[in-house]
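Okay, so here's the structure we're looking at.
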């Protein structure tokens, strides 16, 4: 075999494996570590064009089939957050507003995510992080701003997941002993500890694999149980109140907050990082995964959201399993399934932060389960989740976190930036009408983001005045 064939085999092999770092001695006799990009070889799309990766990474990329990425996206959509959408979306908007809002939000979210997916290979590089893409298009300042927005987005989502897991544990305890001994902050602390243990054992996003299947099973368990028990309760209690609660001013703010919850329900704020794990051709495969998410993957969300609101009306609990009536053992299974699925889902949304920490501060040598790499994850990821858990225990207002997350980061990252970046990259090929359409999206979603942020901050202020820090809410 000649040298040319050897080179081609080496390039293909490096597509699926991390290159080991090499060491050399510097001028002063100190050991210098050479950082080798995980995917520094040629990336061939359907036209066999050469596409380089924008930065090196300590995590595996470009190895997952499209359906695995589709399950990652579906895990986020059908996380235990769906148990709160009846209260946080349908109650403030009502039947017409809530139904139309969910369908419209799905359509515009699919469109915005597809735009972002098509920008994954820009300028001859494959941008595996949202901030890398923004930095390539706008420059260094926008790189930093995008990273800050994404960090806020993922931090608040993860905080909400820990609140959800704590609520599931508290709801399980109350089924057996409603004595007030085990309070919500204690359950949140325990949830944070379990999430940390899971983070120590799963080194990167692609390593979830079988856990994604388990996550789907857990999701179906609590969604089916919530759906069936809500259906039974709705049949036996025909008198329901579907009026939108609150004064006129309250309705305005809760409606705006519900709009933020609508976009929060479908979007991750980390699409380039998820797309980084997918096999070439990356754009076509990502579009397949998105179609899976917004069609089959969203059906469970619709089913449990509409059924919960139909059964309980405006009195629906912010955690639907607190409203349903049924055998204790069935409700226990549902709550524990919600808890376990939340632990897995949190790891997905924490993975960009883990990737940054592992790449920037990790040792760069040895396997993911080498003792020094495990200890690094214990220290760094444990510290990150400790801060998440502390904030979750202090301010356990789940609906408010959903609204604020949608306002401050989901709107800017998914809708404003996606449309403007697409406009910047493709503007020379666009008609006047298409340019006007994208600018309309940029301006419109910017205004919605500002209004939603004000509404969410008002909700948090009201709840903070009603409840004290570390409140025992259930």
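Glycine is treated like the rest: Cβ placed from N, Cα and C.
In TrEMBL, annotation is done automatically, which means it is predicted and not curated.
As annotated by TrEMBL, compositional bias 'Basic and acidic residues' applies to 1-12.
What TrEMBL lists as region 'Disordered' is 1-31.
Residues annotated as compositional bias 'Low complexity' in TrEMBL: 14-27.
Feature annotation from TrEMBL assigns transmembrane segment to 66-87 (among others).
Residues annotated as domain 'Amino acid transporter transmembrane' in TrEMBL: 66-456.
Annotation source TrEMBL lists transmembrane segment at 93-116 (among others).
Residues 79-81, 83-84, 130-131, 184-185, 187-192, 194-195, 269-270, 319, 321, 335-336, 338-339, 342-343, 345-346, 349-350, 352-353, 385, 388-389, 391-393, 396, 398, 401-402, 404-405, 408-410, 412-413, 474 of the same chain lie 6+ residues outside the transmembrane segment (148-169) yet bring a C-beta within less than 8 angstroms of a C-beta in it. The transmembrane segment feature in TrEMBL is assigned to 148-169 (among others).
Listed by sequence, the residues of this chain that lie at least six past the ends of the transmembrane segment (181-203) yet keep a Cβ under 8 A from its Cβ atoms are 59, 161-163, 165-170, 173, 211, 339, 342-344, 346-347, 350, 354, 358, 368-369, 373-374, 377-378, 381-382, 385-386, 388-389, 392-393, 396, 470-474. What TrEMBL records for 181-203 (among others) is transmembrane segment.
What TrEMBL records for 210-232 (among others) is transmembrane segment.
The feature transmembrane segment is assigned by TrEMBL to 252-269 (among others).
Positions annotated as transmembrane segment by TrEMBL: 290-312 (among others).
Per TrEMBL, the feature transmembrane segment maps to 332-357 (among others). Non-local neighbours of the transmembrane segment (332-357) in the same chain are 57-59, 72, 75-76, 79-80, 83, 129-130, 150-151, 154-155, 157-158, 161-162, 164-165, 168-169, 171-172, 175, 191, 194-195, 198-199, 202, 204-205, 208, 211-212, 214-215, 218-219, 221-222, 225-226, 268, 270, 273, 321, 377, 380-381, 384-385; each lies 6+ residues outside the stretch with a CB under 8 Å from one of its CB atoms.
Annotated transmembrane segment per TrEMBL: 378-398 (among others), in sequence order.
What TrEMBL records for 404-425 (among others) is transmembrane segment.
TrEMBL lists 437-460 (among others) with the feature transmembrane segment.
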